[in-house]
Amino acid sequence: MPFYHKLGKIPPKRHTQFKKPNGDFYYEQLFGTIGFDGMYTNSYHEQRPTQVKEIRKQYSVAPKIAKENSIQSYRFRGFQVKPETDYLDSRKVVLTNSDCSIILAAPKTSIKDYFYKNTDADELIFIHKGTGKLRTMLGNLDFKYGDYLLVPRGIIYKIDFDTEDNRLFIVESKRPIYTPKRYRNWFGQLLEHSPFCERDLRQPQELETYNESGDFLIKIKKQDDIFEMVYASHPFDVVGYDGYNYPYAFSIHDFEPITGRIHQPPPVHQTFETDAFVVCSFVPRLYDYHPLSVPAPYNHSNIDSDEVLYYVDGDFMSRNDIDAGHISLHPAGIPHGPHPGAMERSIGKVKTDELAVMVDTFKPLKVTEEALKIADEEYFKSWLE
Ligand SMILES: [Fe+2]
């Protein structure tokens, strides 16, 4: 998170004695990223956060790759991913490379009898359907349709859903996910030309604190294995923290689109960045207003990045036969563009209601077996007249 946040009780000076009313100590934890160079948080715990009791199981959740190398454009019908009861079981990796994984999930129930921690990757969870509460060791975030939830690696969490009807689009990133640097000044404050500002980024305001001992199962993902570790103290035992490393939420509906007289390129939609991919938000907006403007995008050759678009809502002007929940994959190396008739259809239109999330990766993505289960193998011919 690009700015400072404080929640709960903390001592006036870091790394000093901090005592409970009964005279016992609270236990401090420095939780840093990128060694000691990145964003960090100092949290204060009822019990020592190191009390491992048991390592029960270890099993792989590595995605099964169907196509290591592909130059075929694809459409994947995301809503054909079957709902599953358990949150972790429901997560299906459809595209992956050494930097990131793109995951679809339709979990039916909240996490009940375990906690989850991803040590491999930051998680960007886009809520397509569903409402509920993300509960973390560093505070809770309510979520609803259109929210991005950013969970930095290592944050222990649970997720509560209000109903069984949930659809998530998740990006796991081995590189830290930040807001774009070009929208921040030298102190990190979001600038006037940024399409969102600090008020749009929701920080945790509610902290759940339990001082409990017992058997607490944390499923920890490391190197694509899940380790089932039992801790002797409740993972949500933080009485307070401060710093920059904590989960936050941002609604796609709060993204203020940048428009122009002629077609604006995808970077104006950029919402998040890493050094391995970008995430862009395509939101309802006025179209280009030059008298001879062509609102549909031009054909473009993304020669060195794979383009993944996740269609959320509205009418997708440049594509024929695309519905909510679909993903298009336009791989690096070949040009793509509007479908036949879409360019002509766009002329004279004044606005779009489209809502979509785009992930452009700098390394090619591998197509998984889960992806092929929901793939349209004919999509690559859809530009033929
Ligand atoms: Fe494109």
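Cβ coordinates come from backbone N, Cα and C, glycine included.
What TrEMBL records for this protein:
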type	residues	note
DOMAIN	51-251	domain 'Homogentisate 1,2-dioxygenase N-terminal'
ACT_SITE	His263	active site, proton acceptor
BINDING	His300, Asp306, His336	Fe cation binding site
BINDING	His336	homogentisate binding site
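Mapped onto this structure are the features recorded in TrEMBL.
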residue: His263; record: active site, proton acceptor; Cβ contacts under 8 Å, 6 or more apart: Asp288, Ser293, Val294, Pro295, Ala296, Pro297, Tyr298
residue: His300; record: Fe cation binding site; Cβ contacts under 8 Å, 6 or more apart: Pro335, His336, Gly337
residue: Asp306; record: Fe cation binding site; Cβ contacts under 8 Å, 6 or more apart: Leu95, Leu329, His330, Pro331, Ala332, Asp360, Thr361, Lys363, Pro364, Leu365
Query raised in the report: For His336 (Fe cation binding site), what is the tally of other C-beta atoms lying within 10 angstroms of its C-beta?
Result: 20
**Report entry** Listed in sequence order, residues not in His300, Asp306, His336 with Cβ within 8 Å of the centre of the Fe cation site Cβ atoms
**Finding:** Ser301, Asn302, Ser305, Glu307, His330, Pro331, Ala332, Ile334, Pro335
